[in-house]
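Trainee: When I checked TrEMBL for this same protein, it listed these features:
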{"type": "ACT_SITE", "residues": "Ser309", "note": "active site, charge relay system"}
{"type": "ACT_SITE", "residues": "Asp386", "note": "active site, charge relay system"}
{"type": "ACT_SITE", "residues": "His420", "note": "active site, charge relay system"}
{"type": "REGION", "residues": "91-112", "note": "region 'Disordered'"}
Amino acid sequence: MDCMEPARFLCPCDSPGKHTGVGCHALLHWLFLTQGSNPRLLRLLHRQAGSFPLAPIWQVLEREKRLTSAVGGASLREGAGTGARLWGGAKGRAGLKRDSGNRTPGWGGPEGAGPRRWLPRPYLGWAHPFWCSCFSRRHRRNLGQSTDIHTMKLVNNRGRMALKQVSSSKCFGGLQKVFEHDSVELKCKMKFAVYLPPKAETGKCPVLYWLSGLTCTEQNFISKSGYHQAASEHGLVVIAPDTSPRGCNIKGEEDSWDFGTGAGFYVDATEDLWKTNYRMYSYVTKELPQLVNDNFPVDPQRMSVFGHSMGGHGALICALKNPGKYKSVSAFAPLCNPVLCRWGKKAFTGYLGTDQSKWEAYDATYLVKSYPGPQLDILIDQGKEDEFLSDGQLLPDNFIAACTEKKIPVVFRLQEGYDHSYYFIATFIADHIRHHAKYLNA
């Protein structure tokens, strides 16, 4: 019993087995996941309530309110009557029961909110850290919940699943999470990573979007770049999506490493074969930000974007095509003029067809020439030993010349001895975080 910590009760930010003492518990928008079933503990706790450490319900409520605000979750509500209630109802009940489906508006959520659930009679005004682990398999079956403790689902106010948490790990005082959802734009399941800094527990934070390069998933950046410490110190929420739709069963999508899967190029495809699913530009500029704004403690008015290689191209065009939407932009070894490089020609032909006027709408060098918006402070780092630089794939000189002509400030740093890899990114990632924090925290 010494391991029980009341302060950790109903902590939705703990991932499975992360020092909770009794397992991972999540209580988010009418969903209750449990671990460590032992139905005998129900009777034991009724008989020996005085022998266990209890936490005042107001402490549980306060902590749960802070932590669920970090993921857009609902809050545990204290009930009146003879029992402490979860999610609605007119009177308390003894024992763990599930209501037959009645809904009570105005208490514990909006009208139509989920089923009534109860804490037992002896614990009026008090909550015990063991309750989350006392459900038997039968209780979980009756509640219709998954017994997979390695996922957590967030459900929106209409009861439709919006996000499924895939993983969560504490890092530099914050939480590195990965979520999965059904994308409307891409017509498939998509994953994206979210880093919530410690400041996200107490208020809304600026949000910084990272776009990865060819063949990458959301995992490359979060596991290799080492960005967490700088993001934690500056209080930035960082979002890293996948680089393309996956599993769409489109003919040819798996045939090449630089086209199709892992190579969405952040465009909205217009060719018949690809236009239904390959809409990465709309996904990263519209659908994903809306999803993030709705579910996480971010300030939608303070948003920036950066990326690497193909993702650097994506970051530049997102900022240039949406004047004022992003406070700042930066890139590592971006494809600056894709209409003139082999990667760009192959991707644009496949996704957009042979009309090169369509290509120019997704080319940073062309876009900057007609950029009408507020001044952007652009930072670009480029490794001097980058094989793709010498191979003519990146073409930064063309972009710098266009920026100079338009009098748009760009800081271009040619880094001696560095290549195109994540070792290069990890070396200078803190500089880029500071660059964005200067504008996001202004």
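Yeah, the Cβs are placed from backbone N, Cα and C, and that goes for glycine too.
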Trainee: How big is the gap, in Å, between the Cα of Asp386 (active site, charge relay system) and that of His420 (active site, charge relay system), rounded to a whole number?
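Mentor: Asp386 (active site, charge relay system) and His420 (active site, charge relay system) have their Cα atoms 5 Å apart.
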Trainee: Within 10 Å of the Cβ of Ser309 (active site, charge relay system), how many other Cβ atoms are there?
Mentor: 25
Trainee: Measuring Cα to Cα, how many angstrom lie between Ser309 (active site, charge relay system) and His420 (active site, charge relay system)?
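Mentor: Between the Cα atoms of Ser309 (active site, charge relay system) and His420 (active site, charge relay system), the distance comes to 8 Å.
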Trainee: Under 8 Å Cβ-Cβ from His420 (active site, charge relay system), six or more apart in the same chain: what's there?
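Mentor: Listed in sequence order, they are Ser309, Ala333, Gly383, Asp386, Glu387, Phe388, Leu389.
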